[in-house]
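Chemist: Below you will find the structure I want to go over with you.
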Amino acid sequence: MSYAQTKTQSKSGYQAGVKDYRLTYYTPDYTPKDTDLLAAFRMTPQPGVPPEEAGAAVAAESSTGTWTTVWTDLLTDLDRYKGRCYDIEPVPGEDNQYICYVAYPLDLFEEGSVTNVLTSIVGNVFGFKALRALRLEDIRFPVAYIKTFQGPPHGIQVERDKLNKYGRPLLGCTIKPKLGLSAKNYGRAVYECLRGGLDFTKDDENINSAPFQRWRDRFLFVAEAINKAQAETGEIKGHYLNVTAPTCEQMLQRAEYAKELKQPIIMHDYLTAGFTANTTLARWCRDNGILLHIHRAMHAVIDRQKNHGIHFRVLAKALRLSGGDHIHTGTVVGKLEGERGITMGFVDLLRENYIEQDKSRGIYFTQDWASLPGVMAVASGGIHVWHMPALVEIFGDDSVLQFGGGTLGHPWGNAPGATANRVALEAVVQARNEGRNLAREGNDIIREAAKWSPELAVACELWKEIKFEFEAMDTV
């Protein structure tokens, strides 16, 4: 549409027509309130569109505005309900890119609904013709709004208490091949990994229910494997049983069956299933005492492009509100996308209670979580024993280090692969606790441990040359 102003005087005195968004929605003198929901957008206007007009258009189209003045504006108090573009900053090193800051009144959003927040803020405006590209970089959720959410079913401390495991990261493994195994062979793979020393095994994101492996059969054989491994090792074990299903009713049916089998943890694909389904499941998990592991399948479709989409830190914050005890975050050192500063920025947003603004890590707003439970970060994707020192140094104790191929690819089988990872982890944690520098001495620590663990020695030899050295796309 043209940005020239046009007006028509109606008989009632109402000024009809089209006017620039910035006349109403660009308010550089506005000071955000503690109760405002704040959003930072990376904005690329079309040629000829001033950044102030584009920023105001984002504020308008994601709150109360539309393309023309409407007479029903007179029936409400727009100053109370409209979004406001209150600041615009050019992006250093980029032509025609700006960070646009928008403040939204809290009354615009339904209590306890991530679905409603995202529908409002990103539901329509991303297709707006005045913008060449738009990316939601961050959201500041006000404390008043956070208090309307349950959040994670249990949180980090409750999980450790349930598992009776403290002072180290937890170890996991995704069963491979992800598709094609019968339920019985799948259960056998789970048992071998758990008896070898892992804390968890995991369904992959696309394991739901298929002709070669129906969900009920998988649950039964996995439960048998867990019971046997627990009896042999004396440790509490778990498997992330994926309850993602075609309908919410079927999802809850699968969750109930996992509960009947006395399983400690289930799993959900929160983006493909949707936030309404995820919040429903998270509340069920709290009521029934079951941990909830979250997979982020489909996230890169949304967050990979630097100038358009939604940054994963927003999806991570939304998950903490919706509910989940674990979520995949990337590894920094493995095969999946993730630059260290950016990754640890959203890992802190998942785990900590209060996070200060730090734009060097992509954190555009100070976030107070009002004591909402934290979410454990899951590092998964292309990692092996040589990565263990870096993973412990980067992610710390409140994490799950998940070795799929790094367990199942061991030449001697699943159990020795699991043992190699457990020995490496225990050696690295002991070295850290003794004051050794993991970044500088990590390889030496692994070599020393391999002298008395043949399983680890074989793993070290197999993966000594494996690296994933590509430039990260996700940078500030």
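Just so it is clear, glycine is given a Cβ too, placed from its N, Cα and C backbone atoms.
Remember, it's a predicted structure, so these values are computed and weren't measured experimentally.
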Chemist: Could you look at R214, R296, R304, R351 and say which one Swiss-Prot places alongside N124, T174, K178, H328, S380 in the substrate site?
Modeler: R296
Chemist: Check each residue in the chain of N124 (substrate binding site) that is at least six apart in sequence and keep those whose C-beta is under 8 Å from its C-beta; list them in sequence order.
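Modeler: Listed in sequence order: E61, S62.
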Chemist: Hey, what's the widest CA-to-CA gap across N124, T174, K178, R296, H328, S380, the substrate contacts in the record, in Å?
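Modeler: Result: 37 Å between the two most distant Cα atoms.
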Chemist: Out of T174, H328, S380, point to the one nearest H295 (active site, proton acceptor) in space (Cα versus Cα); all of them are binding-site residues in the record.
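Modeler: Answer for the nearest of the binding-site residues: H328.
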Chemist: Taking the recorded positions one at a time (K176, K178, H295, R296, H328), which has its Cβ surrounded by the most other Cβ atoms within 10 Å?
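Modeler: Result of the Cβ crowding comparison: H295.
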Chemist: Relative to the Cβ of E205 (Mg(2+) binding site), which residues of the same chain, six or more apart in sequence, are found under 8 Å away?
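Modeler: In sequence order, K178, N242, T244, D269, T272, H295, A297 meet the Cβ cut-off.
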Chemist: Give me the count of other Cβ atoms within 10 A of the Cβ belonging to D204 (Mg(2+) binding site).
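Modeler: Cβ-Cβ neighbours of D204 (Mg(2+) binding site) within 10 Å number 18.
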Chemist: Going by Cα-Cα distance, which of the binding-site residues (T174, R296, S380) sits nearest to D204 (Mg(2+) binding site)?
Modeler: T174
